[in-house]
Structures are given as C-alpha cells and as structure tokens.
Amino acid sequence: IGMGLTGFGVFFLFFGMILFFDKALLAIGNVLFVAGLAFVIGLERTFRFFFQKHKVKATGFFLGGVFVVLIGWPLIGMILEIYGFFLLFRGFFPVVVGFIRRVPVLGSLLNLPGIRSTT
C-alpha cells in the first residue's frame, strides 16, 4: 500500500508540474507522497526522520512548501518543496548514484568522462 501511495504521489506531482503547476494535482500528489512515506517506514520513523535536530530547516522548507501548495500558490510551494527535499535527502544521493553506476546501461552513461567528474 505504501509503495503504491508513494508511486501515485510522485505521478501526480509530475503530472501536476507538466500541466503548468495545477494546484489540485500537486496537492493530491503531496498528500499521497507523504502518506505513502508514512506507510512504508511507519508513522514513528517518519516523524523521527522529519524532526531530527539537524533536519529542522529542511523539514520546514519541505512541509512549508506542501502547505503553500495546499493553500493555492503552487509555483512558490514547489520551489520550497524541492529545496527542502534536496536538503532532507542529500545523504541518500551518493547511495543512489552508486546503485545507478552498477546498472548496466545507466552505469556506462555515468562513467563517461564528462559525467564521471560531476557525480
């Protein structure tokens, strides 16, 4: 259930951005994404993840962006959300890049000379 909610949340967020920041789709995507995350890792762990002392700024930007989208300013809200998302999950990006390097086709693309130095 959690992976399905998270997947639908990402889909609605992407579709909302494609349709020129449609408020309703972005709001649905935000709610589904956060609910899916809570279902995947549990309510207590989700709360502990978002409200760690060193992640207060990132959580403020992310949840503030969700709130701004919900009240009707989708472009500003998405900018806040994206910034907060990168602050929250920046520790996971090296792990993701390392995993993608081991995928046959994508790994060879990431190992090209110009791209290797940036990742």
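In case you wondered, yes, glycine gets a Cβ from its N, Cα and C as well.
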Candidate ranges 56-76, 77-97 [criterion: TrEMBL lists as transmembrane segment]: 56-76
Please indicate, using numbers and ranges, the residues of the same chain that are 6 or more beyond the transmembrane segment (5-21) and have a C-beta under 8 Å from a C-beta there. 28-37, 39-40, 74-75, 78
